[in-house]
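Comments concern the structure below.
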Amino acid sequence: MLKEILSSALLMLIMIDPSDKILLVSLLREDFHIEDVKSLIIRANLIGFILLLLFAVAGKIILQDIFHIELDALRVAGGFVLFKIGLEALEGGGMVTIKREKNILALAAVPVATPLIAGPAAITAAITLTAEHGIIVSIVGTLIAIAITAALMMIALYLMRGISKTALSVTIRIIGLFIMAIGAQMMITGAGGIVLNLIKGA
């Protein structure tokens, strides 16, 4: 079982992809106090784990049988959210617009916990791992991947402390461009999947 757990954790870590979470932490560092961002990281990863746990247990029923939602539709919606955040950062707004509208807990839920942590790829992995290896392997593997993601986000947060305001401002805009690209790719992938399904169904 150990081999299955480790391979499941690796797959889930790849699907979660900590790199874009690290980029977002860099954005948050400009607009929020470091203690608030630390709190956000913990809450976001906890919420992300709960969501993935839910989908690992009953993902197929929730998505397809109850709400009739395809994963490609989630990709498009999640990509739009990320694209909007990246655009604000690129224009120099950072997370200010979101900060005015939502408290730190709400921001931890959206967009950090979902779609960044519990995104379409991670949700698909949770459902697949449960089907292939059972619920225990899926849950433990997901927990390990979430713990690694949270640790990397914390490390990135402290590394950003030594960067000057000017360098941080330039970095924020570059990061914003990458986040826009991630969001655009999610939308393209999702839209492509929707079109392909429509063609197959025709």
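Cβ atoms are placed via backbone N, Cα and C, with glycine included.
According to Swiss-Prot, the feature transmembrane segment maps to 5-25, 47-67, 76-96, 104-124, 135-155, 174-194, an assignment based on sequence analysis.
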Chain residues outside the transmembrane segment (135-155) and at least six past its termini with a C-beta under 8 angstroms from it: 1, 4-13, 16, 18, 21-22, 25, 38, 41-42, 45, 48-49, 52-53, 56-57, 117, 126, 129
Highest-contact recorded stretch vs the transmembrane segment (5-25), from 47-67, 104-124, 174-194, CB pairs under 8 Å: 104-124
Residues of the parent chain within Cβ reach of the transmembrane segment (104-124), under 8 Å, 6 or more residues beyond its termini: 12, 15-17, 20-21, 24, 28, 32, 36, 39-40, 43-45, 47-48, 51-52, 55, 59, 63, 71-72, 74-75, 77-79, 81-82, 85, 95, 98, 146, 149, 186, 190
